[in-house]
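> Take this structure first; my questions come after.
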Amino acid sequence: MATKEKLQCLKDFHKDILKPSPGKSPGTRPEDEAEGKPPQREKWSSKIDFVLSVAGGFVGLGNVWRFPYLCYKNGGGAFLIPYFIFLFGSGLPVFFLEIIIGQYTSEGGITCWEKICPLFSGIGYASVVIVSLLNVYYIVILAWATYYLFQSFQKELPWAHCNHSWNTPHCMEDTMRKNKSVWITISSTNFTSPVIEFWERNVLSLSPGIDHPGSLKWDLALCLLLVWLVCFFCIWKGVRSTGKVVYFTATFPFAMLLVLLVRGLTLPGAGAGIKFYLYPDITRLEDPQVWIDAGTQIFFSYAICLGAMTSLGSYNKYKYNSYRDCMLLGCLNSGTSFVSGFAIFSILGFMAQEQGVDIADVAESGPGLAFIAYPKAVTMMPLPTFWSILFFIMLLLLGLDSQFVEVEGQITSLVDLYPSFLRKGYRREIFIAFVCSISYLLGLTMVTEGGMYVFQLFDYYAASGVCLLWVAFFECFVIAWIYGGDNLYDGIEDMIGYRPGPWMKYSWAVITPVLCVGCFIFSLVKYVPLTYNKTYVYPNWAIGLGWSLALSSMLCVPLVIVIRLCQTEGPFLVRVKYLLTPREPNRWAVEREGATPYNSRTVMNGALVKPTHIIVETMM
C-alpha cells in the first residue's frame, strides 16, 4: 500500500475517538452514556489554551529560585555548557515525546503506556506516584508565600526589625552591617538576622528535629487550605476551565518578573551581582556534580516524567502541530530561567553592597532565596511593602499554575483508568475533591512545628532527580527499542504533516538513555545523606523513610512487569511477546469503523490486537 494510503487509514482510524466532547462533565457525552459507550474526552478549545497551560506547568518556582543559584555555584556561564547538552540531548526530546504520545493515543499518563507497551505500563504508574507525592509538598511552598503575602500588607514589614515577640536577644538588624567597625566588634557573638528569626520562629516555629513534630500551625494550615481551594476550582471543570485560568496565571508572572528585572538592574551593585552570576569558571566542569545539577535541573524545570505533559497533550486535536510549539515552549522555559538570573542576582548584588559583604554570603537557593534573601533585600529598597507584595504575588502565580497543571495531570491519568465510571455526571468533580482533600491532609504534616523537616524529606527523595532519570530512561527505551522510533515517526507525520529531523529519534534511542544512566550512576555515587541547614542530621529512620518514598515510584516499573507476566497465561516467551505488543486505541470506536481483522497475528485466544501502524499494514 502506498504511503499516502497508509496515512489515510490512520486518519480514518482516529477520526471518531478524537472528537471534542461537549458533555455535562469533562469528556462525557449524553449520547455515549445512552448507548453504553465509553465517554469521549474533551479537547482544548483553542491552541493558546494548550500553550499557556504547558507554559504555566513548567515555568515555575525552579526557574526563579533554582537555576540562577545552580548557574553561579557551578561555574557561572560555564554551567550553560552541560545545561544545553542535557537540554538538547534529553530535556526537549523527552518533553516532546510525552506531549506527542499523549496526543497520539489521546490518553493520560498511565493508559498511554498500556496502549504502547502493556509490559512497561509501570512507567505510567511510576509517574503518577511521583506527581502525587510532589503535589503534596510543592503546594506547601505556596502556603508559605500566601502567609508572607498577607504579612506584607503592613506599614512596616514584620521581618525588617527586631522589636517583635518572636525575636530573641540575639536578633541584630541588618542595617548594623553597614557600620563595619560595629559589625566586626559584634560578629564574634552568635547574632541572627530578623529575617531569619521571622522565618524560623514566626512562620515555621521550628522544632529541634523531625522526631519533634510539635503542634499544628493553624495560620499555615488555613493558608494551605486556601491554596488547595483555589487549585480545586481552577481544575474541577477540566481543561476548558484550566485553559481559561492560565490566561492570567501563566502571563501575569512574566509581567511582574519584567518589572523586578528592570528594578533590579537600576539598583547600585547590580552589575557586580550579574558578573558574579555569569562569570565563567571552566574548571568547574571537571566536577561530576556540575553535570548532575545540570541534568536534574532540566528534568525539574520541564516537568517531565510526571505524566502531566502527557495528560496535557492528550487533550490536543489529532492534527495539532505540537512539535512546533514544543520547540517554542522550550525556548520560553530556558529563556525564563536565564533572564530570572539577571533579576535575582542584580538584587543580590545590591543587597551585598548595602551590607558590605560578598555576594556569596547572600546567595541562596530554594526557600532560602524566596523567604530569607529576597525579603531581606526588599527591606533595603524604597517602597519595601510594594516590592514585597509584588514578589510574593509573582511567586504565588508561578507556583499555582504549576500546581494545578500537575494535579490535572494526576487526575487525568487516574480518570483514564476508569473513564466509563469517573467521567459520568459529576463523578470527576467529586473525585478531584477527594484527591485534593487527601493531599491537603497529608500536607498538614508539613505545617506543624517540625513540618519543615518533613518537607525537606519529601523534596530530597520523593521527586528527586534519581526518580525522574529512572522514568525517563524507560520511556525512551520503550519508544525507541520496543515500539519503534520509526513507527512513532509515522504517527507524527500523520498528525503534523511532516517527519521531524532525526535528532529526536536518535536522542530517544541513544543520547537520552546514555545521559540518564550516566547521571543516575553519578547521583548514587555522589549521594550525601540529607541535612537541614547543614547542621541538623536526619536520623536513620527518616533517611529510610526518604528512600522508601523514592523507591515507591521506581519499583512500579519492575513490579508491574512481574504482575503482568503472572496475570497472563501461556508459555513465558509467548507472554512476553504478547505484553510487548501495543493494544488498540479504543476497541468500540475501532469496531464502529469496521477496521478488521485485528487479530491476524493473534498470540493468545484472539486477544492480541495490533496498534494503528500494524493495523494499517494488515489492510494492504
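Glycine is no exception: its Cβ is also placed from the backbone N, Cα and C atoms.
Because the structure is a prediction, the values reported are computed rather than measured.
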> Quick one: does Swiss-Prot have Leu216 and Leu565 on the same side of the membrane?
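Topo match: no.
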> Let me spell it out: take the transmembrane segment (50-70), skip the flanking residues so only those 6+ beyond its ends count, and list any with a Cβ under 8 Å from a Cβ in it.
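For the transmembrane segment (50-70), the sequence-distant neighbours (Cβ-Cβ under 8 Å, at least 6 residues beyond its ends) are 44, 79, 99, 141, 239, 242-243, 246-247, 249-251, 253, 257, 277, 293-294, 297, 300-303, 308-309, 312, 315-316, 320, 322, 325, 328-329, 332-333, 336-338, 340-341, 343-345, 363-367, 369-370, 395, 398-399, 401-402, 405-406, 409.
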> Let me check the 10 A CB neighbour count of Asn163 (N-linked glycosylation site). How many other CB atoms are there?
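Asn163 (N-linked glycosylation site) is surrounded by 11 other Cβ atoms within 10 Å.
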> So which of 78-97, 122-142, 245-262, 327-348, 430-448 has the most C-beta pairs under 8 Å when paired with the transmembrane segment (465-485)?
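If we count Cβ pairs closer than 8 Å to the transmembrane segment (465-485), 122-142 scores highest.
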> Run the contact check on the transmembrane segment (327-348) against the transmembrane segment (122-142): 3 or more C-beta pairs under 8 Å, excluding pairs closer than 6 in sequence.
no
> Is it possible to get the count of other C-beta atoms within 10 angstroms of the C-beta of Ser322 (phosphoserine)?
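That number is 25.
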> In whole Å, how far does the CA atom of Ser322 (phosphoserine) lie from that of Asn163 (N-linked glycosylation site)?
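Here the two Cα atoms lie 56 Å apart.
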